[in-house]
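Asks: Take a look at this one; I'll ask things after.
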Amino acid sequence: MARNKAPSVKPKPKPKQTTDKSAKPRLKNAERSAYFARREAAKVLHTVLQGDANRQAVASIKSLVYSPSIRNKKATFALVCQTLKHLRIIKDVLEIANILNSKWKRQEELIYIIAYDILFGKEISLVGGDAEKFLACRKDAMQSALAKLVVRKKAKNIDDFIALYQPPDITKPCYVRVNTLKLDVDSALHELGKQFKVQKDDMIPHLLVLPPHTDLHNHSLVLNGSIFVQGKASSMVAAVLDPKPGWEVLDACSAPGNKTVHLAALMKGKGKIIACELNKDRAKRLEDTVRLSGAANIEVLHGDFLNIDPKGPFSKVGNIIYCSLTMRDPSTWHIMCSYLRANTLPQVSAILLDPSCSGSGTAAQRLDHLLPSRTTDFVDTERLNKLAAFQKKALAHALSFPAVKRIVYSTCSVNQIENEDVVNSVLPLATSNGFQLATPFPQWQRRGLPVFEGSEHLLRTDPVEDKEGFFIALFVKRGSEKNSEERSGSQKLAGSLSNGKGWLKRSCHVNKKNLALPVFYRGICKPWLHTKSSLTRKTYNSSN
């Protein structure tokens, strides 16, 4: 009888013994991380340099790096800042070595980043991309070009040569503002106190002070919008406007939105804030900030503040709405009047105007001193004149809103032409419209330059002493409490109209035909409405 053979069992493969080569995957991970960090840094650098060339920055370097789209924030921030610090040297090296040809000109920001890594960065193998391979083959030529530059500048060594191009290091405390829509101050103190030395600011409510160079970009309270990293001078602006809960406030030039959401917190989420921003990319940044803050009373308006008619009926810039009204049905009048009451601009009680400016007071904090346009002592007088012209026009426009009680004009500039000169130019208009300058934070010592009578009411912060250079002017309407009562009465009238009371309801019976009413945001159809109103009033009076 044949015996059954036992099934053959294949021996299990022996596990591979770990050797010194086990560190290799880590090296690959490091190379991969460096590869992606360089590309993220190149995208940020492209946005920064493009904004600097056009004199229209989308956001600060920090804001761009700490946006949700950037994964490796720490490495990206370091690469961008260090590349900008060495950019003049890098450009000279590439020119001498004749490296930046037409093919790579389209990716020049990436070339700058990789060139920094080769010349001044860490010893990381440049693998993974064509740009890395291209520059790695030309490493000797780049180092030779750098040596020639050192000789030209008569520097003793490479460190002395680099020091000639380095901007001064400015140290200031780290300020954070507690978003009281999400968290109270004591809870924020407790959470931050677990890791850092923290205390309350002695002047600005809800502002906390931490040691210099405190890194909070990855802190949970920052990521969930419970606190915002915001300078002291910047936090003064909304506090000076001091909007009350229930007010309607217009933030004329809102992006990136830190002051806007500060207003929402001061208003305790009640009332309404119309946040205007003309630039499309900056408007997206504004929307992200509003979303992060959790504020529900902010309406982002992608449009030009100057195009808003202060005496017009609608807040939505550029909208044209056709209401098909059936005169037999009073409910159609109710819909229209509700829209009028909800969107009328004469209800605005306060305006915050923080327009585009030179940013000369916060260049160090924004790292603007690293930008190519700031690396020389040249003053762009033409640009300053254009900025000042826009600022005067915007402030005059803000002063023309009939129901406004408080207006704050602020800049992060130290230039007289953007500050005292702008305020002085609109003083006759402000006086004729019932406004006067008030004194924000009377305990603050630094005031406006003494170039006109009343400049002592203006507030300045010093970029050296206070680490930020800001300017704030507060316009207050005389007898604003009386105006507030009159405004309240007009709101009651609008309420009665929207509820179908008064002559408007009765006029529904004047014409029994369907009527297509064109409603234009800037009062284009005012004559049409006036004619209809007069007709219905006459008909109503004649029937009585």
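Glycine is treated like the rest: Cβ placed from N, Cα and C.
Just so you know, TrEMBL annotations are computer predictions that nobody has curated.
Take a look at what TrEMBL says about it:
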ACT_SITE  C412  active site, nucleophile
BINDING   C253, S254, A255, P256, G257, N258, K259, E277, D304, D354  S-adenosyl-L-methionine binding site
COMPBIAS  17-29  compositional bias 'Basic and acidic residues'
DOMAIN    164-478  domain 'SAM-dependent MTase RsmB/NOP-type'
REGION    1-29  region 'Disordered'
Asks: Over the domain 'SAM-dependent MTase RsmB/NOP-type' (164-478), what does the predicted model average in pLDDT?
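Replies: A mean pLDDT of 86 is what the predicted model shows over the domain 'SAM-dependent MTase RsmB/NOP-type' (164-478).
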Asks: I need the CA-to-CA distance for D304 (S-adenosyl-L-methionine binding site) versus the residue listed as 'active site, nucleophile', whole Å please.
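Replies: Taking the Cα atoms only, D304 (S-adenosyl-L-methionine binding site) lies 21 Å from the residue listed as 'active site, nucleophile'.
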Asks: Expressed to the nearest Å, what is the distance separating C412 (active site, nucleophile) and G257 (S-adenosyl-L-methionine binding site) at their Cα atoms?
Replies: 15
Asks: Determine the most Cβ-crowded residue among the binding-site residues K259, D304, using a 10 Å radius around each Cβ and all protein chains in the structure.
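Replies: The residue with the most neighbouring Cβ atoms within 10 Å is K259.
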Asks: Greatest CA-CA distance (Å) over the residues C253, S254, A255, P256, G257, N258, K259, E277, D304, D354 that the record ties to S-adenosyl-L-methionine?
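Replies: About 19 Å separates the two most distant Cα atoms.
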